Structures are given as C-alpha cells and as structure tokens.
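Peer 1: Sequence annotations record features per position, and here TrEMBL assigns active site, nucleophile to CYS103. What TrEMBL lists as active site, cysteine persulfide intermediate is CYS200. Annotation comment: TrEMBL describes GLY12, MET13, SER14, GLY15, GLY16, VAL17, ASP18, SER19, MET38, GLY128 as ATP binding site. Feature annotation from TrEMBL assigns disulfide bond to CYS103-CYS200. Residues or ranges marked as domain 'tRNA-specific 2-thiouridylase MnmA-like central' by TrEMBL: 208-276. What TrEMBL records for 287-361 is domain 'tRNA-specific 2-thiouridylase MnmA-like C-terminal'. The site 'Interaction with tRNA' annotation in TrEMBL covers HIS129, GLN345.
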Amino acid sequence: MSDNSQKKVIVGMSGGVDSSVSAYLLQQQGYKVEGLFMKNWEEDDGEEYCTAAADLADAQAVCDKLGIELHTVNFAAEYWDNVFELFLEEYKAGRTPNPDILCNKEIKFKAFLEFAAEDLGADYIATGHYVRRADVNGKSQLLRGLDSNKDQSYFLYTLSHEQIAQSLFPVGELEKPQVRKIAEELELITAKKKDSTGICFIGERKFRDFLGRYLPAQPGKIITVDGDEIGEHQGLMYHTLGQRKGLGIGGTKDGSEDPWYVVDKDVENNILVVAQGHDHPRLMSVGLIAQQLHWVDREPVTGTLRCTVKTRYRQTDIPCTVTAQDDSRIEVRFDEPVAAVTPGQSAVFYLGEVCLGGGIIEQRLPLPV
C-alpha cells in the first residue's frame, strides 16, 4: 500500500459518473474512501424533473458496488441563505448570476469541506470536477482540466490555495471518454448517465416557470436599437445579453428576417433592447470592469497584467490587459471586441494552464459607435 492508506478522503457523491469514477480512482490510489451525498434543496413538489431521490439511489448503488460507506447531509438552509437568495437578488437587479460558482464557493468547498473535516475526520475532500492542482512554492494552484472540452476551472476560481490543498480532483487528469470507459468496465449504474445541466443542485427544471415562483413577472416593452417598439417581454430576468430564443418576435416590416438578439437591458425603465444580427455593434464590448475579486494563490494585481480571460463558460480564451483601478476593481481591455459580455457573470483569468482567479462583471465597456 502507498502512503495514502492512512489518509481519509470524503468524495462528494452526486449520483453522476464523474464522482463515481473519482471514488474508484482514489481507492486505487490507496486512500481510505467514503462518500457524502449533499441534499441542498427542499423539494416542494413532485415534478418529474426533480431528481434528488434518483441521484441518491444511484450514489448509494455506486458506493455499495465499491464497498464504501455513504453519508448524507442536508445543507438546504445554507444553500438558501448563501446561494439562492443572492441568486434572486441579482436577477431582481437585472443581472445574470452564475449560481454554480456561488454554490462551489459556499457549499461544496466551504460547508462540505468543513463538515468532512470536523464531523467525518477527513484529511481531504474530493469532487468530480475537471480541474487539476499543482503545488508550487508551498501554495496550491488551480489548473485547467486535462480535457479542454470539460475543463471546469471557470466555476472554481473563487477557491483559495488553502481549500485547493485540501481537495483532490481525480478525473481532472483524464478525458471524459476515459471516465465513461472506466465506469462501464466497473459496470457502475452511472456509466451512461447523462451530465446534469440544470441550476446547481436544483435540477433540470423549466427555468422560466421556476424563477416565476420566486420573482413576480414584470412585463415591459421590447424596443429596437432605433427606438421602435416591436413587442412585449414578460420580465427582464428571463433574458440575457446575446439571447436569441424566446423573444417571441419575428422579422421586421421591411422584410428583414435576420434573427433578433438581446443587446441591452434598461433596468430603470424595464425595457429590453434588441438588434438584428449576432455581431451587431451594440452587442460588442472592448472590455469590462470587474469587482468582488479573488486571486487563487497570488497577491491582487496592483499595476497591469497581460493574461487571457473567459467571460463565460466554454468560451475561447481572450487575450487581454488587466489594470488595477483600486483595491476592489479592475479594468479589463480585450485585444479584440467580444460579444455578449454580461454583468453578473464572472470574468476568469488565466496564464497558460493556471487559473489565476477572477471577479464579477460589474459593467461592460461598449464598442464606441
């Protein structure tokens, strides 16, 4: 056995293939492995797309197959207070938040990490995220996952080097097809289960219906960039910059059938502004201002920094220059204009494979027209 045999790891078991294979890989590396299923949302209905019970059953089946204990814990109160209420506040303010980033920060790498260490005596926690860690000069860095199609470092930029040092990411060293192959060879129930795409922990609900339960709809005008009123929206919260589907408007009277895109949200007047064409100048930004900054393993930027940035998940890296404005804000200038930079989303910075950190987009710097 390796030196790991005395080390206890608690794996966050979601009922998916990535955490299932993570638990197996850690067993193979000699760790003492146990699982933990987190219940973070209190279902108040019997809707078919609420899958928590099925996920728990899958997690239990995998743990039984691997011969490991599965613990369960309820973090619903923490999720509501620290993730969901903020999520609603951001939508009310006309911004588009990313609940997965907040959930990782407040639940998976805070509440879970503390519970695993204090209540279950864990040396480490592990998750099925596609990221890697590297220990450099006594600090743990966050690296992109080996599979560039699945890399999830964008969602984990709020982690500190101390949190990363206590976390293991076994599938971050693998490509997704390899992970599925391992699960199939082990005949795990999760081998062919599709990846979840819903809001973190809430499942794959119909988003508009779900949001409408908590925030009253506030219909308003849809106007073009030229000021023509061409329709009505049911609430700014249902729309995000660059959105094309779900606007309920066709072509224009002059016969132009080019699709419409959301290019701005006038929150004060409850107006949705649209234009035709996915690369309309009103949709383009030359940069952004970010706040609520977090740097993973280094001091905050004081002067300027050349790096790359992602303003949304799965976006190709954008070369940029970061300039400190003050202690709490930075200005980011892109080398080339970028479409659909969205306030409320995160800007995440990279130097090669290393995720440096990021911040919340406070405002976009529009292309001068």
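From the backbone N, Cα and C atoms, a Cβ is placed for every residue, glycine too.
Annotations in TrEMBL come from automatic prediction, not curation.
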Peer 1: To the nearest whole angstrom, what is the C-alpha distance linking SER14 (ATP binding site) and HIS129 (site 'Interaction with tRNA')?
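Peer 2: Distance (Cα to Cα, whole Å): 11 Å.
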Peer 1: Nearest to GLN345 (site 'Interaction with tRNA') in three-dimensional space, by Cα, is which of the recorded positions GLY12, MET38, CYS103, HIS129?
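Peer 2: If we rank GLY12, MET38, CYS103, HIS129 by Cα distance to GLN345 (site 'Interaction with tRNA'), first place goes to CYS103.
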Peer 1: With every protein chain in view, how many other Cβ atoms are within 10 Å of the Cβ of GLN345 (site 'Interaction with tRNA')?
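Peer 2: GLN345 (site 'Interaction with tRNA'): 24 neighbouring Cβ atoms within 10 Å.
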Peer 1: Can you give me the average pLDDT across the domain 'tRNA-specific 2-thiouridylase MnmA-like central' (208-276), rounded to a whole number?
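Peer 2: Residues in the domain 'tRNA-specific 2-thiouridylase MnmA-like central' (208-276) carry a mean pLDDT of 85 in this prediction.
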Peer 1: Are there residues of the same chain, six or more positions away from ASP18 (ATP binding site), whose CB falls under 8 angstroms from its CB, and which are they?
Peer 2: GLY128, HIS129, TYR130, VAL171, VAL179
Peer 1: Report, in whole Å, the straight Cα-to-Cα distance of MET38 (ATP binding site) from CYS103 (active site, nucleophile).
Peer 2: 12
Peer 1: Any idea what DSSP makes of the residue listed as 'active site, nucleophile', helix, strand or coil?
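Peer 2: The residue in question, the residue listed as 'active site, nucleophile', is helix (DSSP, three-state).
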Peer 1: Under a criterion of Cβ-Cβ distance under 8 Å and sequence separation of at least 6, what residues of the same chain contact GLY16 (ATP binding site)?
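Peer 2: In sequence order, ASP55, ASP58, GLY128, THR190, LYS193, ASP195, SER196 meet the Cβ cut-off.
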Peer 1: What are the helix, strand and coil residue counts for the domain 'tRNA-specific 2-thiouridylase MnmA-like central' (208-276) according to DSSP?
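Peer 2: Its residues fall into 10 helix, 23 strand, 36 coil.
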